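Everything below concerns the one structure shown next.
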Amino acid sequence: MTQETITTDVVIVGAGPCGLFAVFELGLLDMKCHLVDILDKPGGQCAELYPEKPIYDIPALPVVSGHELTERLMEQAAPFGPQYHYNEMVEEVQKLEDGRWRVKTDGGLVFEAKVVVIAAGGGSFQPKKPPIPGIEAYEGKSVFYAVKRMETFRGKNVLISGGGDSALDWTINLHPIVQSMQLIHRRDGFRAAPDSVNKMHALVEEKKMQFHLGQITSLHGDNGQLEGVTVKGNDGADYQIECDTLLPFFGLTMKLGPIANWGINLHENLIPVDTEKFQTSEPGLFAIGDINTYPGKLKLILSGFHEAALMAQAAFRYANPDAKLTFQYTTSSTSLQKKLGVA
């Protein structure tokens with residue numbers, strides 16, 4: 001059976017914060033959006049990897065979780081009726097003779113749109129796993145590479161391994177609810193915010209947690225339940241650490257996947273864009289958020305919001321070259337307020 005083609009103004013690849021806010025900005029310009037995401041829910045990396053981790057640099061929100069931010073963005077986009085397609089990976093993006101784009105997914109969906117916006121974060125992320133023999137047997141049971149629900153770890157004896165921001169942040173955020181908290185790193189220098197490092201050292205001094213120097217060489221347990229680990233200390237001696245949960249945080253590996261085959265210019269697995277339109281090397285194909293690169297780029301959610309606003313203006317002009325675009329403010333425009341359902 002032939003899949004019916006879905007016709008729309010815009011296809012957004014990625015339903016993370018930048019993709020969701022792009023719906024709002026495009027909606028103000030009467031552009032209808034379909035979003036496609038490989039995950040089974042909205043929020044992208046923000047919701048998948050750290051849904052309960054506090055975010056502190058969203059304007060007007062002193063602190064917000066990834067989950068709450070996603071919910072608010074969904075609510076903000078709702079008046080424009082976006083359509084979401086989860087568990088779908090965009091495999092092919094092809095420009096048609098009439099200037100529109102044909103987008104195909106691995107699940108058989110076919111779209112035709114005037115504009116395509118790539119808001120796929122860094123592509124798909126996979127955790128870098130430590131080279132510990134047999135760790136696969138514990139994964140998802142007592143070894144976890146991300147904290148999706150803090151309550152999962154309440155009352156546990158947790159060992160966190162790593163020296164970056166994720167390791168330090170979760171050491172600090174989880175310690176109030178766990179039975180015991182231990183952190184292990186191969187050296188006493190950290191690749192994390194100095195404030196987080198200071199907080200961790202303070203917890204150690206207050207005997208609220210322990211810090212170890214060394215590397216984990218083996219795991220001990222039964223039927224996927226961890227009971228402890230063997231560590232080779234920096235002095236070369238082996239010793240044991242008792243724990244029932246291990247959180248290794250060694251960073252993420254980014255994979256572009258099919259994006260690399262879409263015929264657009266790439267630079268170090270990122271998509272170069274201009275900072276006026278956030279357009280790629282292909283007219284009508286835009287990129288916002290962590291997937292793009294330009295001089296002075298900051299990989300921040302708030303930067304992606306700015307990019308979405310400018311992209312939307314350029315996307316409208318590309319899709320409607322003969323239309324007049326009058327800039328309006330939501331605070332004073334009755335027509336925009338009607339679209340938002342507040343007038």
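Using N, Cα and C of the backbone, Cβ positions are placed for all residues, glycine too.
In the three-state DSSP classification, Tyr50 (FAD binding site) falls within coil. As annotated by Swiss-Prot, FAD binding site applies to Cys18, Asp37, Gln45, Tyr50, Val90, Phe125, Asp290, Thr331.
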Binding-site residues listed as Gln45, Thr331, least Cβ neighbours within 10 Å: Thr331
Neighbour-count leader, CB within 10 A, binding-site residues: Cys18, Val90: Cys18
